[in-house]
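Database features, via TrEMBL:
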- 108-288: domain 'Malic enzyme N-terminal' (DOMAIN)
- Tyr131: active site, proton donor (ACT_SITE)
- Arg184, Asn452, Asn497: (S)-malate binding site (BINDING)
- Lys202: active site, proton acceptor (ACT_SITE)
- Glu273, Asp274, Asp297: divalent metal cation binding site (BINDING)
- 298-566: domain 'Malic enzyme NAD-binding' (DOMAIN)
Amino acid sequence: MRFSSYMIRCLQYRVSRSFTTIEGHRPTIVHKQGLDILHDPWFNKGTAFSMTERDRLELRGLLPPNVMSNEQQIDRFMADLKRLEVNARDGPSDTNSLAKWRILNRLHDRNETMYYKVLIAKIEEYAPIVYTPTVGLVCQKYGGLFRRPRGMYFSAADRGEMMSMVYNWPAEQVDMIVVTDGSRILGLGDLGVQGIGIAIGKLDLYVAAAGINPQRVLPIMIDVGTNNEALLKDPLYLGLQQHRLDGEEYLAVIDEFMEAVYTRWPHVIVQFEDFQSKWAFKLLQRYRNSYRMFNDDVQGTAGVAIAGLLGAVRAQGKPMIDFPKQKIVVAGAGSAGIGVLNAARKTMARMLGNNELAYESAGSQFWVVDANGLITEERGNIDDDAKPFARKAKEIGRQGLKEGAGLVEVVREVKPDVLLGLSAVGGLFSKEVLEALKGSTSTRPAIFAMSNPTTNAECTPEEAFSIMGENLVYASGSPFADVDLGDGRIGHCNQGNNMYLFPGIGLGTLLSGSRIVSDGMLQAAAECLAGYMTEEEVLKGIIYPSISSIRDITKKVAAAVVIEAIEEDLAEGYREMDARELRKLNKDEIGSYVEDNMWNPEYPTLIYKKD
């Protein structure tokens, strides 16, 4: 048998130490026994404790005598879940999805390993429960759902104390933080401290999809107040009942937080999540060259959209290099919309030669419509981030358009290849808009209704296919079922879910040891996702893979990110794999390296040791 250099290094490492390096398989030293173990979700195995462990940990007699396998535990939980769903509802207003969330959350509270084993095994069914769209409802109701703390809360009242506060978290090592200020949760607006639900949900997917060790993740809420009047008046609201800080006061709180977490955990990756548009770009530019951080709303959404846009080109039977010829109408100029625009323009420019002329030419392919209509240079007080995409008056005049033109008019005159929705306005792509899109010059136009949650989608797949017919590519941000078009024909609904990318971006950054998350690493992730689908699949209109493949997708995306970090000379290595050793690995070995460092929900052998 021929061993690769990577395998030989792994074997040498394993021989020199008495345990395997594969994530999650090391024996674990615990300093507790008996009921204390059973009440600790990190170490509790429930009925899966072996008899020897029961003796070693003084558990004999505290559990039923039958030792169950992992598979038996999952089967038992799933049977209970189906039986308890109705009973778990909190009155008639509680949805079935929220009932499932409650049951899963209870499992999470008592047995973390089992929770992630169920989540991974049933990821297609439960990703929409722990993430969008159900997580939006969870955040709205979080005050009533709160039972036990999960994560950390930093507030405006903690100014001057954050450096000491971070040491209240018990984990000596944290690899991944998701932080929000609750100001723009999905498309639901300002939910204040209740927004921590989105950080918890995202990290569940980092564990399930990327294999980040759950003992090394940390959801964080930065509470700087809320401008939600209902919450300010609610006597049961859990957060600060004051209006949001703004300006330099706000920045001072975020600066103090960033300094504190990076002082304790210098190598942690921080993902910013659901910050309102006015701060999302400013904070990204403020920190991205100093810290290992990224903003999923700006950069993750952009990457998933780019992958989908490239897939839509392939679905037309054209090579991805034809992307710069696509005419794109964008509805929405918030942080997500501008993030997608910037990424798409850079992608086009690189394909056109990656120079100033190419960048200028790429800008002419976009028409941006916000709440006030088409954005042109004639508009006063254009947001700085949107300025590069304002159309010239003379240019749009030739198209029969003017400043503030409505979406229907813009679509009718431009005849775009792609209609991209990032507006958070449900139903924006009305019958009139879709009728106008029928005039597209594309052989197969594409609709991206990317706003979350489901109620904010610009149109449903049923609405799109009923007007546009089967010769359409449709993608959405939240999950919808495929559409039966009759005669055995299927209108495929592609979910352009950020979970295709952010777990791989985080894992690849972690394992490369990159000092920052560069544009090149983000682009490598997007292009990896775009190339994941086969030619046969994209020609059927399937441009995103099944969520059931998320572990494999994440592994490949992470490997692409590691390779790009090495090529950009940003990689500094991870644990025993230093930068020099990392550079020696070929593509297949990097894939193996990534897979070996993905945590799997297997019960570790527990060994008791007195303090």
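Here the Cβ of each residue, glycine as well, is placed from N, Cα and C on the backbone.
Features recorded in TrEMBL, as mapped to the structure shown.
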residue: Tyr131; record: active site, proton donor; Cβ neighbours (10 Å): 24
residue: Arg184; record: (S)-malate binding site; Cβ neighbours (10 Å): 25
residue: Lys202; record: active site, proton acceptor; Cβ neighbours (10 Å): 29
residue: Glu273; record: divalent metal cation binding site; Cβ neighbours (10 Å): 28
residue: Asp274; record: divalent metal cation binding site; Cβ neighbours (10 Å): 26
residue: Asp297; record: divalent metal cation binding site; Cβ neighbours (10 Å): 26
residue: Asn452; record: (S)-malate binding site; Cβ neighbours (10 Å): 25
residue: Asn497; record: (S)-malate binding site; Cβ neighbours (10 Å): 25
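Other than Glu273, Asp274, Asp297, the residues of this chain whose Cβ falls within 8 Å of the Cβ centroid of the divalent metal cation site are, in sequence order, Thr180, Arg184, Ile185, Ile198, Phe272, Phe275, Ala280, Asn295, Asp296. Restricting the average to the domain 'Malic enzyme NAD-binding' (298-566) gives a pLDDT of 95.
When the recorded positions Tyr131, Lys202, Asn452, Asn497 are compared by Cα distance to Glu273 (divalent metal cation binding site), the shortest distance belongs to Lys202.
Comparing Cα positions, Arg184 ((S)-malate binding site) lies closest to Asp274 out of the recorded positions Tyr131, Lys202, Asp274, Asp297. Inclusion criterion for the recorded positions Tyr131, Asp274, Asp297: a C-alpha placed within 10 angstroms of the C-alpha of the residue listed as 'active site, proton acceptor'; this criterion is met by Tyr131.
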